[in-house]
C-alpha cells in the first residue's frame, strides 16, 4: 500500500518531463489527520485566530483524489459570419491553460489563485466537465488514477457551484433544497429526502432561515453569505465527493467569506470531500483553512503547494515578505518574477507511487466512473411524469407569489374589460355599430396580445436557473415546457373570463349564450398564443430591453398585416406572407364570424325610414371581409397551432442552449 504521503510519476511510456511529477502532501484521507500546518520560523505570516477544528468521524469510507496532468485548453477566436463565408479563419487559437498539473486530495481544500483573466474559472469548468466533448482531453484528468474519458462523467461525479447564485428568489431556503432533492435523489422516498434536506441545512448553518425567501434585488430575502451557502447546498444535495466552487467568497464581506470557507473546511474534513475553489486574495484567516495553493498566471502554473513552500520559494529568489502582507498577497505582486523562475513546489520527503500500482490498489473510483457513464451518481433522469409534477408544483408557487404578475394580469383584464365596455357601451345595431364592433375587436386583440409582455422579465430570470438545472440533468427541457403549459392554462383562462364577461355584456354583443362562450374561448386562445410568443422571444433575447423591443416590433408587424389596416389585395406580394403568419388575422376573423354568423339575415342598414329595402345584412358584413363561410373552428385550430408552434420552437432553442451551457 502507498504511504500516507504519496506522489506519482509518469509511467515508462510517458514523456520524461519534470513538470509532470507532482507531490501531494498528506493526501491520506484518515479522519485522524491533522488539519493545520506549522508555519516556518522565517514566515512573515502570523495567524491570530484559532486553528480549524479537528475532523469528525464519518460513515463514508469511500474517498477520492482528483489528479490533473498536463492539462491544456485552447479556444478559437470569434470570427464574423461574413469572414467565415469568404475564407477559412486564419486567426490563431487562444491558449487559456498551458500544461496545468496538480493533485487535489480528499479532506483538503485546494485554492486556485491568480490575477483576473488567468484561467481560474476555465480550469474549474474543464475539471467539472462543463466543456464540449471535442474540447475534452481524455488523458489529463484522473480519479484515484483512473482516467476520466468524458466530461459527462465529471458532471455526474463532481458538484459545481458557479460564481453567480442562480436561485429562484420566491422560493424559501427549504423549498429550494427540497426541489433540488426531488430532482437529484429520485431513489429516495419523501421522508428520506426531507431528512437529507434537514441534515444539509444543519450542516450549512441554514436552520434559522429555512422558511425565509431566497430573495433578490426587488424582494428582500436572506443575506449574501446565506445565499452562497444555499447555492452550495443545491449542488451538494446528492452528496458528491468532489466539490468545485468558482469564487465562493466573491461579493461577500470578510465575515461572511470566512464563514463560507470555515463551512467548506468542516465539510472537507468531516465527509472526506475533495474541495477545489478559486479565490481572489484571501485574508490571512482564510488561508489557514487552505491546504494547498495553485497559483496561475497567463494559464501556466506559477506555484503548486502549501503556503510554507510559497514562502520558501519567495525567499529563495531573494525577496523578503513585508510584515503587513501575507505570502500570497506578496506573491501576487511579484507573480511575473515567479512565473519567470518557473518554480513548482516539490516535496521530496514522500515515496513515489507509480500510476500502475494505484490502479491495482483502488477499486471504488472505477466503480464510480462506471456509474457516472450512465448518470447513476447524479440520480438524474427522473421519469417525465415525476419531473412534470414537481415542476408544476414549483411553477404554481412562483406564480402565486409573484404578486406583480398576478395582480398586473388581473387588473389588466378587469380594467381592460370594464374600460372598453364603458367606451362602447350598448353599441347600436346599425351601420355605424358595425364599424364600431370591428374597431372594438381590433383594439381588444391589440390589448390582449400586448398585455403578456410583463411576463418577459420573469421568463428571463428563470432562464438561467433552467440552463443550470437542465444542463446538470435535473430534468428535461421538454418537462419544463409541459409543466409551464399546464400551469399557465388555468391561470390564463381566469384572465380571459375576467376580460370577456364585462366587455361582452356591457357592449351588448351577440346575445346568444353560445356566441358568448365562443367569444370567451377565443379570448383564452389569444392570451395563450401571446404567452407562447413571449416565451419564445424570451428564449432568443439576451436581456429585457432587447426582448421588449423585439416583442413590440413583432406585434406591430403582425397588426399591420392583419388585414384591418391594409386589405389583403393591397398588400405587396413580397409582404403577403406576413398576412398568413399574423397572429391578429385569425382571431379577428373568428370574432367577426362569431358575432355575425347567427345574424346573417339581420339588417343593419335600411334604404329609408320605412325599412322597405335593406342595404347591409350580417352576411354582407362577413362577405366584405371574405368570410362567406363559417371558419370559426378552423381559425381556432390555426391559433392553437401557433400556440404549439412557438412552444416547440422555444423548446428546441432552450434544449440547444442547454447542450452548450457551461453553468
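Every residue, even glycine, has its Cβ placed from backbone N, Cα and C.
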Notebook entry, point to check: Given 544-566, 567-589, 590-612, which one carries TrEMBL's transmembrane segment label?
Noted result: 544-566
Notebook entry, point to check: According to TrEMBL, which listed range is transmembrane segment: 373-399, 481-507?
Noted result: 481-507
Checklist line | Residues flagged as transmembrane segment in TrEMBL, choosing from 341-364, 437-460 | finding: 437-460
Item checked: Among ranges 306-325, 406-425, whichever one TrEMBL labels transmembrane segment -> 406-425
Next item on the list: Can you tell me which of 406-425, 437-460, 544-566, 633-654 gets the most C-beta pairs within less than 8 Å of the transmembrane segment (481-507)?
Entry: 406-425
Check: List, by number or range, the same-chain residues at least 6 past the transmembrane segment (437-460) whose CB is under 8 A from its CB atoms?
Finding: 398, 402, 404-405, 408-409, 412-413, 416, 420, 424, 427, 499, 503, 507, 509, 523, 526-527, 529-531, 533-535, 537-539, 541, 543-544, 547-548, 551-552, 555, 558-559, 562, 564, 583-584, 587-588, 591-592, 595
Next item on the list: Using a Cβ distance cut-off of under 8 Å, indicate which of 406-425, 513-537, 544-566 has the most pairs with the transmembrane segment (633-654).
Entry: 513-537
Next item on the list: Take the transmembrane segment (544-566) and find every residue of the same chain, 6 or more past its ends, with a Cβ under 8 Å from one of its Cβ atoms.
Entry: 438, 442, 445-446, 449-450, 453, 456-457, 460, 533-534, 537-538, 575, 578-579, 581-585, 588, 625
Check: If you average pLDDT over the domain 'ABC transporter' (66-323), what do you get?
Finding: 86
